[in-house]
Amino acid sequence: MTAPPRPTAPPGAAALTGLAALHAWVDELAALLQPDGIVWCDGSRGQTDRLTKQLVAEGKLIRLNPEWRPNSFLSRTDPSDVARVEDRTFICSLDEADAGPTNNWREPEGMRAELREAFAGSMRGRTLYVVPFSMGPIGGPLSQLGVQLTDSAYVAVSMGIMTRVASAVLDLIAAGQPWVPTVHSVGAPLVDEAGVRQEDVAWPCNPVKYIVQFPETREIWSYGSGYGGNAILAKKCFALRIASVMARDEGWLAEHMLIVKVTSPEGRVFHFAAAFPSSCGKTNLAMLKPSIPGWTVETVCDDIAWLRPGPDGRLRAINPEAGFFGVAPGTGELTNKTAVEALWGNTIFTNVALRDDGDVWWEGLTAEPPAHLIDWEGNDWTPASGRPAAHPNSRFTVSAAQCPVIADEWDVVDGVPIDAILFGGRRATNVPLVAQARDWKHGVFIGATISSEQTAAAEGTVGELRRDPFAMLPFCGYNMADYWAHWLRMGEKLGADAPAIFQVNWFRKGDDGRFLWPGFSENARVIEWIARRVEGSAGAEETAIGRLPLADELDLDGLGLPAEDLAALFDIDTERWLAECALTEQYFARFGPRVPPALTAELASLRDKLRA
């Protein structure tokens, strides 16, 4: 679309607002970035089609066979630009202590000078795309606005899938609504300082990368990468790092969580939010197909949730995104048929393999690979090649509306009421299949101590733990201990209306090293018990680590689970748990006196209960 009309600010205005502020910001950045031209994005199908045709003509997208994947494309990144770069991700708070020990901190003014030098002229020879977007339904009470500047048409198109890009966003900005400014450049100008133009490449990027968040001013600057979360700034950068700071200041929660709508055979509806670190079954739970009759699970969101107390006092949540940016390998007919069905068309695939018939393939999509492929780097591939055909972090970008089990409420403006919150890691030892927290404080302690075992456990010990509190380790925009305190305050505010909190672990292993629980669709049996606990129809046994299902409370009909495996799934080894308490104490020590006293009290209480 053309740029919106420029209102004039009153003479002597101390600060511009509305569209005047937006235009002034775009003008200021354009002077720094020096693009050849500026295009304002409106999210329309016509503009998106023009951009994808342009990307195909430039060799940056490959159009897939429309018979197999209508309106779908494949992109191949530079081999150096395939994932988030956590070591080049910075939280530039005014006070280093506010970033905390889990974030990379840099002094803000020094970083600003560094960024201005990197961004100066970075868009010479390229087009600057202005992308106004809404996180959450446009105009909703839980939604937020942003504007991204980018020199990547691939990013502009991806933003149109992952967020709500529309001219209506500009109407809200014109009316005075605040917005988050985000700036992105691949850092590969096509014209040098002498005016000499060079040829473009299929995936421009720069060896030097910056992904920088300024919490106090709600700004995001990203340089050097065209990949996913580094470049689609609405995702992790805004929806979690900046939004978590906004949530702290404004009394809500921005979380790395899925939300599912669960309906019982009696027709009762529940909404569960769940936080899982990577490789812990998050997407599979978000799109769960229950193995037990009468229960249905529908997707509200698969990755990020924003939660805020509603007018009725209950915690309500929205999906701030409009699309899925999922990991392709391992997504197949057997593991997640729902996700595969969502990818029928209108999808951008990145770094997967190309079949000879013009469709895509990745490891895990089918049991047997095709006889010949073009791999993610553009080379011939056969099953004898001895290397993956798709990159392990290859992705699909698709509208959430295409998910065959998307809940009708996935984009309601005031969100859905949350009945329970689940936390889970990948634990071979100690953590039972499911346990309910005694209360909100105990639940926050569980969330703060989420971990996955990185090494095999020696006999009688716990393996090395990778801590990922609330699954927010790479994404919390401020001091993690302050984040825990914010969760505790939220519990005080919610009071008796607070959701119940549970811990789940699909990955407990037996002494012989095999998984004790079948997982996948059978996880619905655990979800059923959680739902029954929420409605008050299932019993529980009080233990040192939380409330466990009473005998025969879990529906195991037809599962064929040996009694000894069931016992092992809920076994509480006192010595191993005391050893884990020592590891938790060491972990809390990283945060010094900022750890909330309520959490150190929970740790002490856990030790007392184990020794009782």
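Along the chain as shown, the residues are counted starting at 1.
Cβ coordinates come from backbone N, Cα and C, glycine included.
According to Swiss-Prot, the residue from R316, R426, R427, R489 that belongs to the GTP site alongside S279, C280, G281, K282, T283, N284, R395, F520, S521, E522, N523 is R426. Among the candidates K236, K289, the one that Swiss-Prot lists alongside H256, D303 as binding Mn(2+) is K236. Substrate is bound by Y227, G228, G229, S278, N393, S394, R395 in Swiss-Prot, and the record lists one more residue there from R76, R84, R88, which is R84. Mapped onto three states, the DSSP output places R395 (substrate binding site) in strand. Among S279, C280, G281, K282, T283, N284, R395, R426, F520, S521, E522, N523, the residues given in the record as binding GTP, the maximal Cα to Cα distance rounds to 26 Å.
G229 (substrate binding site) falls within a helix when secondary structure is assigned with DSSP. Of the chain residues outside the Mn(2+) site list K236, H256, D303, K235, A239, L240, I304, F475 have their Cβ within 8 Å of the site's Cβ mean position. Look at the binding-site residues G228, G281 and count other Cβ atoms within 10 Å of each Cβ; G281 has the fewest.
Cβ neighbour density within 10 Å is lowest for E522 among the binding-site residues D303, E522. In this structure, G281 (GTP binding site) belongs to neither helix nor strand by DSSP; it is coil.
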